[in-house]
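Trainee: Below, the features straight out of TrEMBL:
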ACT_SITE  Glu520  active site, proton acceptor
BINDING   His519, His523, Glu542  Zn(2+) binding site
DOMAIN    229-413  domain 'Aminopeptidase N-like N-terminal'
DOMAIN    448-653  domain 'Peptidase M1 membrane alanine aminopeptidase'
Amino acid sequence: MRPRTRVTSNMTDVPLLGSIAPWTQLSLWFPSPYLVEKEPLSTPEGGMYQEWGYVSLASDMRPSLMSNGSVYTRTPATPIPASVDENLMETMGRPLSGSCQFFSMYWTVASSPAVVAMWGTLTLPTPSSPEKPLDLLVVHLSQEILNDALVQVPGHILHPARHRAALVYAIMTQQDAHAVPLLILLVLEACAPSLGAQLPGRDGTKTPHVAAHDQHFPWDRMRLPQTVVPLHYNLTIHPNLNTLHFTGVVHIELEVVEDTTTIILHSSELLISNVLLLVPGGPPRPLRFLEHPASEQLALLSDQVLTKGGRYEVQLEFAANLSDSFHGFYKSSYRANSGEIRYVASTQFEATSARAAFPCFDEPAFKANFTIQIIREARHIAISNMPKISTVELAGGLLKDCFDTSVRMSTYLVAFIVSDFLSVSQTTQHGVKISVYASPEKIHQTTYALDAAVKLLDFYDDFFAIPYPLPKQDLVAIPDFQSGAMENWGLTTYREAGLLFQPKSSASDKLGITMVIAHELAHQWFGNLVTMEWWNDLWLNEGFAKFMEFVSVDVAYPELQVNDFFLDKCFNAMEVDSLSSSHPVSTPVETPTQIREMFDDVSYSKGACILNMLRDFLTPDAFKTGIIRYLRRYSYQNTVNSHLWQSLTNVCQSDEFEVGGVKQRDFCLEGKLQPGGSKWYTDDGLDIRAIMDTWTLQEGFPLVTVEVKGREVRLSQERYLKTDDPSLTEGFLWQIPLTYITSRSNAIQRFLLKTKTDVLYLDEEVEWLKFNVNMSGYYMVHYQQPGWSSLIRLLQSNHEALGSNDRGNLINNVFQLVSVGKVELDMALELSLYLSREMEILPVTQGLGELVPLYKLMEKRDMETLENQMKGYIVELLQTIINKQQWTDAGSVSERVLRSYLLLFACVRNHPPCVETASRLFNSWKDLDGNMSLPSDVSLAVFTIGAQTPEGWDFLYEKYGRSPDTSVKSRIKTALSISPLKDKLQLLLEESLRGDVLKTQDLPHVLISVSKNRHGYKLAWNFLRANWHALIKKFGEGSSSIARMVNGVTDQYSTVHMLKEVQEFFGSLTKETGSELRCIQQTYETIEENIRWVDKHLPLLQDWLDKHTSSGPKTQNTRHEDL
């Protein structure tokens, strides 16, 4: 049991500013410097409210009996200043989080007239930054004060008893001052002494608002109990885009599973009030409640037992600021063409942030139906998961939009947005209305996303043979968004760069937008319709969505050639999975931080890659039949790993012989005809669960060693792990679906390796074997000699004898095997020589992906001669394909993406033809004030050359601020970060954190890009350290953004000095500030591996380059030094 720090009693209902939702608190918001007197304060009769400055005062407020008055003050940005006069009020305070403080102040209500004066000072935002977090003052006044008190202020004496109102007048004595003195003067008359509350620490009974020291929270686990389950939420919420706060009320219908007097649910940084138990046929009963901030839990305490099988309803009212982070119910903003800053209220609840918007059972297994009402101003629109069914006019010119009741879903999928956005719409072949929303200035950039969403949703409808269950699907471009997109059911949200497209956007932009839409729409089935039971199996959502985005786009948009880009996901996953700090695809998690850490390459990319392996293993038709069975069996339910494996087992025994257009009888008969020489298993003998548990319940991946002796092929497996401790590779065993081709046959042969070692026999002797055909499997292969030599000769003589995926796979494997001592560096470099004739995107980019990091290690070690020699080798190696690139947007998507990649590389490496052309284009573009049309695929190289000078950098920065084109802004931002100008790089980092010109959402990208810049890596490391706490607060501890920044800034360090510096900084953190994050352990391992690699291989690299480059190191130093 964990001790509590605050107990809050209840108050009866009070109308909330024109809404029908009851409320109990008068909230005063002070957005300095706008607090100015508009007109004398008055209190008209009736249920109206007043606005003075931006202070909203409600009339006809009826609080219940309270024995004291309480003032809670919370400052999100800074602690309450020490200038609060503690001689006038005794204060009890506790930290909420970070620099936030929560204070309660009490005063005595005497039996005779008394004057109680409270002075406090709140530090408010400066006049130049009115959009900074606002201070909140919440005032509770007792019924006695309302009946008998006068609220006296200079020039006004108000009578709450006459007007039935609680009024507080805030006086700003210095409008432009940063510190605003507040005076609350209460003249009290004839209050009963028995109701008086003593100040804490004095004699007298404690009020029920204050936690007694022996109070305990009645639940001691992070996971919620199963004693009650939610059935339906009726949520009314009112985001105020003037004051940037929100208020609301939620009614939750519950079913009791076990007799209980306690309801445990989630709430995070919400001001909770007016908690009632609504019993059918009986009067509302107030509930006491306890909060436990550490677990973000709320306990509702009933005086009577809630009986098993009974249904009850609880009501909770709440208020909070719109969040300054990217999660929960948060504020976003954009600058209109007029220069006006306009605000948007949007949600991002995955994984554990629905609780920050309304009290709820915030775990994926607690599915329920949701009925949502949103109160807004007439100048805004509101959208949510379901279609709007009506709009009701409220007092004060407000409107309330009422939305249809949702299907059963998890809280993390709830979404609502209030904005001034516009939309465009179409209807799919299956009758679903698709709408794309964006800010008015960018609505013309939504056409492509709308067409893609229609096409892809129709694909999924047909592929899964399960109709999309909602009547509409909205896609919304949010100006401030941390991740790429979010799959809220019926209301998917995106970064603007993930949704907005113009004809002049690049090929990679088009590919990226299509893929992210495909990913989120796949989630409407995988994740929304069928949801993992708990976050340990997040991969069932994200791995499937990542996998299906490639499947769907390959069919719907074959011209995008997505299969050229799939293996990159597997390579990225293996990079993380090769460390001892990796984790199983399915791994236990409990806390919000641990849950956020699950959103990584293992859950997404490794999940997708092992699904791709399984599909190849079972055949695409059998796999499709199995996943459709899975979706049908568990619709609107929650699942674990084993449910998927059961659905994929014995698909040929299903009673349904046609599922999703797949005729099972045909492929089942075909599947039993196995090659005679293969150790394979027919459907009847497959234990899918046993096979796949080896891939999901243990971390890492296997390294298969192949040794050929005539017709005999000896196989062995071990864990691939970058470590100097061999014992860490012991105890791992996978069931590996091996595939291979030989010099004698391109027909794919199969072999299931289930043991540590095994032998297969060929029909005849061969010159070479290539295992892991097309890299359909998630494993590496090491060929004992002469295996590697045979494959290197094949690549050098006839590389097209192998497919591009196989060539990319060999490049990756041979260089990665150098790291674990299986292959010498010179052999890997010998293989790379064939790249001088390579023209396909995957092998070329994979070659660069293996070679570039070698000189990046040297950049951080001040090894300029060897560094430039290595750069010279790469440029010369790829010179043929670089010089073939045209400065146009012609060609296939893969050709265009490769062109952009190569020209940027060549220009950064100071390749003269590239620099000359890019300089000429930039000068022409600049001379026309940026109004000349540049080929989009080459514009990044052009901008990068332009950013090398202060004048060019400033011009690009100014264009960034003014451009409405998200694609152009993205390329300019990258070019600015590649500049050699250190003062400009520092400015870029600071502006990215400030968020005025560059959005803070882009800070991770900017920081990592600067860290890869040889002129900026020290700036990036210093910036990360100096702003660590601000970054944690903004992006969230454990988030993928934090992990990317930590790893991205440090993963090219390779000296003991830098390792110690990194360890000292992260070692100085506390658990609360991130000391136990997995990404920190990954960083230590990566730097240690870099140190081992450099110490062992640099002399050999130097010797090899001396033999294989056409000119000496001195010439290379002059020719290929970075710009």
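Heads up, residue numbers simply count up from 1 along the chain you see.
Glycine too: its Cβ is placed from the backbone N, Cα and C atoms.
I'm curious about the neighbourhood of these features; can you describe it?
Mentor: A C-beta separation below 8 Å, combined with a sequence spacing of at least six in one chain, links Glu520 (active site, proton acceptor) to Leu475, Ala485, Met486, Glu487, Thr492, Tyr494, Ala545.
Under a cutoff of 8 A between CB atoms, and with a sequence separation of 6+ in the same chain, the neighbours of His523 (Zn(2+) binding site) are Glu487, Thr492, Asn541, Ala545.
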Trainee: Identify all same-chain residues not among His519, His523, Glu542 whose C-beta atom falls within 8 angstroms of the centroid of the Zn(2+) site's C-beta atoms; report them in sequence order.
Mentor: Glu487, Glu520, Ala522, Phe526, Gly527, Asn541, Phe544, Ala545, Lys546, Met548, Glu549, Tyr604
Trainee: Which number gives the other C-beta atoms within 10 angstroms of the C-beta of Glu542 (Zn(2+) binding site), all protein chains shown included?
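Mentor: Taking all protein chains shown, Glu542 (Zn(2+) binding site) has 24 Cβ neighbours within 10 Å.
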Trainee: How many neighbouring Cβ atoms, not counting its own, are there within 10 Å of the Cβ of His519 (Zn(2+) binding site)?
Mentor: 26
Trainee: What mean pLDDT does the predicted model reach across the domain 'Aminopeptidase N-like N-terminal' (229-413)?
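Mentor: Reported value for the domain 'Aminopeptidase N-like N-terminal' (229-413) is a mean pLDDT of 95.
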